[in-house]
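Undergrad: Shown below is the structure under consideration.
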Amino acid sequence: MKTIRKHGELLALFLFAFAFFIVFKYGPLYGVVIAFKDFKVVDGIWGSPWVGFQHFQDLFQSSDFYRLLKNTLLLNFYQLLFAFPAPIILAILLNEVRSRYFQRFIQTTMYLPHFVSWVIMSGLIIYFLSPTTGIMADIMGWFGKEPIFFMGKKEYFRSIVVGSSILKDLGWGSIIYFAALSGINPEIQESAIIDGANRWQRIIRINVPSIMPTISIMFILSLGGFLSANFEQIINLLNPVTFETGDVIDTYVYRVGLQQFQYSYTAAIGLFKSLVGLVLILGANLTVRKLSKGENGLW
Amino acid sequence: MKLKKLGNAVLPAMLAAGLLAGCGNSGNGGNNAAAPDASASANTKESAAPSPVEITWGIHFQAPGVVENSQVQKWLEEKFNVKIKPVKVTDASIASGEVPDIFMLGDPANVAAYQNQGVLMSLDPNMLKEKMPEYSKDIEKNKALFQTVTIDDKLWAIPMFIDLKPYDLGMLWRKDWLDKVGITKAPETLDEFEKAVYAFAQKDPDGNGKKDTFGLTGTATSTWSSGFYSIFGAYGVEPTMWHEKNGEIMNGSVMPETKEALAKLRQWYADGVIDPEFITDTQDSYRKKLYNNRIGVIEEQIAKGALPDAATVTEMKSLNPNSELVFAKNPKGPGGDGSWDWGVKSNFVVISNKVKDQPEKLDKLFEILKAESSDEETINMTNLGVKGTHWDFTESGATAGATKFLAGFEKAEERDQAGIRLFSLGNITTQAYREKYSNPALNEAIKTYSSAPRQTDALLFSALPSDGKYKNDLTSLMQKYFAQIISGEIPLEDFDKFVAEWKSRGGDELTKEANEMYQAQFKK
């Protein structure tokens with residue numbers, strides 16, 4: 001009681017977040033039961049008949065399943081491998097830039113694409129990569145190379161997805177690292193300079209270790225969205241030729257579930273995907289804790 | 001195309017639905033204030049008017065969003081002594097169990113999917129005859145349409161028909177390009193077509209000295225088929241469509257003629273006649289390519305391309321004043337001429353399962369349906385608005401013929417604000433009405449240029465029992481193979497591999513069902 005009175009304001013603020021999670025995250029969890037039912041709209045969630053693991057069996061036997069799982073895992077893995085470090089590198093590089101004005105200018109222009117929706121962004125990308133009118137074709141022309149129709153070749157699809165994510169969210173993602181970098185005590189830098197450390201040594205020995213906790217937390221958080229982060233992006237870039245490498249669980253769920261009313265089946269796929277995501281995030285947290293000897297990590 | 005559009009629309013639509021749900025309550029408050037007014041005037045006509053029935057009405061599916069308490073809504077409420085709650089129908093709103101009392105669906109496949117979910121009410125054909133005699137008389141000659149929405153021996157939707165379709169496709173050519181390369185008349189055969197598109201690609205028709213033009217492009221990403229409809233049509237097939245040949249039903253995706261058409265397209269691609277971007281192009285983008293001197297011919301709807309004041313023609317003139325266009329028929333090849341043809345089917349009116357136990361409401365709905373089908377005043381109000389304010393005949397003082405919308409209401413979105421279109425039930429109207437209000441010039445153009453009814457679905461686009469399970473998958477399989485065959489990535493012989501894969505992934509099962517359905521319901 002005493003603590004409640006003491007931290008009243010904080011608790012009141014917390015209530016909003018609490019309500020948000022109850023209403024939008026925990027409440028809808030009830031609907032997950034349709035993965036084990038044969039859901040019909042008229043019968044409602046509870047009234048539809050139970051079918052046990054039928055949908056999961058169908059899923060594992062489907063010829064699409066392994067292609068979807070592979071595409072989803074690979075795409076997200078590449079995303080993590082390339083798109084995750086990009087903003088860190090940008091922040092560290094820009095941090096070294098002397099001219100304040102130039103630094104701010106770059107930062108601001110790089111935020112911009114974040115505010116453009118994927119529908120427009122993918123239209124731009126298709127246009128950039130066009131073999132006849134696109135800027136990429138021109139650049140390749142300067143080097144005497146034949147233009148490639150990137151959007152029409154399945155082997156380029158994943159690179160395009162990862163590349164366009166970097167292009168779009170590089171600047172935005174770097175904000176938090178900028179903040180972390182500006183929090184480093186200048187005295188550490190000064191004493192390092194006096195000791196004769198050059199720029200490169202200062203980056204490796206001071207900047208990177210100082211922002212390591214931020215990096216590991218961001219890493220775990222981004223794993224939380226692993227497997228489900230880029231539906232809008234992929235659905236807008238996908239075409240029949242790139243299905244083989246680009247069709248992921250989310251686009252499949254959208255196509256089959258929402259457009260053909262197979263809610264139960266797709267709920268089963270969604271549930272399975274969440275399970276994979278959970279295993280990954282638990283694993284990542286464990287790894288981070290081990291590596292940092294229990295200092296970092298979410299819990 | 002449909003798929004992508006939907007994708008782009010889903011999130012905003014969900015958001016909008018949420019917002020509208022919020023607005024709905026306050027809107028109702030306003031409605032209550034206005035209600036005494038309406039009922040008061042109703043009361044003067046019938047002294048003991050029963051309290052108005054409340055109808056939730058799924059607005060026309062092309063309208064992007066609900067406009068509450070519009071002029072047309074109030075007019076309908078007063079005329080039929082009802083209260084209307086307009087709602088936007090989406091798959092998501094249906095899934096959450098919010099089914100309007102009356103709404104429209106576009107395809108027998110939608111009707112089948114909704115029926116399977118148990119949200120629709122089955123209709124008694126005799127009741128239709130009794131309650132909507134004018135409609136029933138007109139649809140008599142197209143009564144096969146009833147078969148397309150009959151499932152388990154019951155009727156689930158009110159079909160509508162259309163015989164002169166403004167959206168039938170023909171070819172829209174760059175007349176100035178044809179002149180430039182020395183072709184005097186618009187191509188009519190496949191050979192002439194080929195000569196023209198080769199010339200477009202090779203003879204620098206835009207005269208800029210650069211090799212930056214193509215003959216044509218396609219739409220490999222449409223949701224229902226493969227694009228290049230007129231070329232496949234010239235071989236007598238349309239991929240994904242069911243064709244009847246000597247009493248047997250076969251799918252256009254896997255017929256031998258399809259391979260011949262692919263061989264031709266593949267050759268064109270190899271010779272630089274087809275724009276490599278046909279894989280990512282849409283109907284929107286290929287129009288832009290026509291405007292921007294990149295390609296010289298597109299497949300265009302007759303209403304948008306055949307008349308001098310048609311949309312694409314005027315757009316072209318405004319962007320590229322020196323250009324000239326000419327409309328022509330689909331090219332005639334070894335299999336005749338043809339293009340994708342949606343046939344006589346139009347849309348379908350469906351009624352919610354919940355109305356079953358509300359005879360009073362059902363009566364009202366049929367009263368409205370009858371009026372929207374045969375009462376000129378109601379049809380005009382819901383489709384055109386008020387004469388003199390929203391629309392008028394094109395010829396001043398005329399009492400029939402082509403109509404036009406007046407300034408301020410030229411765009412469908414502007415008309416939505418007054419409620420025009422929201423409550424329209426499309427082609428449920430009688431033949432007599434359509435004749436009175438149609439544009440003779442457009443009708444003439446359709447009769448001239450359309451290949452219909454040469455090539456349409458033998459099952460009138462009915463949904464097969466296993467369509468839900470296989471159809472989308474098979475369509476994307478077809479698109480993948482065809483795009484790769486045309487662009488030369490895989491050899492033409494892989495078509496046979498595709499056929500085998502198509503059959504084993506559910507195609508055989510669908511073919512069997514299609515033949516059974518044809519024998520049982522459509523055989524003449």
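The backbone N, Cα and C atoms fix where each Cβ goes, glycine too.
Automatic, uncurated: that is what TrEMBL annotation is.
Feature list, courtesy of TrEMBL:
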- A:69-284: domain 'ABC transmembrane type-1' (DOMAIN)
- A:12-36: transmembrane segment (TRANSMEM)
- A:73-94: transmembrane segment (TRANSMEM)
- A:115-136: transmembrane segment (TRANSMEM)
- A:156-180: transmembrane segment (TRANSMEM)
- A:211-231: transmembrane segment (TRANSMEM)
- A:263-284: transmembrane segment (TRANSMEM)
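Situate these features within the shown structure.
TA: Sequence-distant contacts of the transmembrane segment (A:73-94) (same chain, six or more residues past either end, CB-CB distance under 8 Å): 103, 106-107, 110, 158, 161-162, 165-166, 169-174, 177-178, 180-181, 203, 207-208, 211, 215, 218-219, 222-223, 226-227, 229-230, 234, 246, 248, 276.
Here the transmembrane segment (A:115-136) has long-range neighbours at 147-151, 160, 164, 168, 232-233, 236-237, meaning same-chain residues at least 6 beyond its ends whose C-beta is under 8 angstroms from one of its own.
When Cβ-Cβ distances below 8 Å are used as the criterion, the transmembrane segment (A:156-180) is approached by residues 74-75, 78-79, 82-83, 86-88, 90-92, 94-95, 107, 109-114, 116, 118, 121-122, 125, 129, 148, 150, 210-211, 214-215, 218, 230, 233-234, 237-238, 242, 245-246 of the same chain, each at least six residues removed from its ends.
Within the chain carrying the transmembrane segment (A:263-284), a Cβ under 8 angstroms from the stretch's Cβ atoms is held by residues 31-32, 34-39, 48, 51, 55-56, 58-59, 72-73, 219-220, 223-224, 226-228, 249-250, 252-253, 256-257, all 6 or more beyond its ends.
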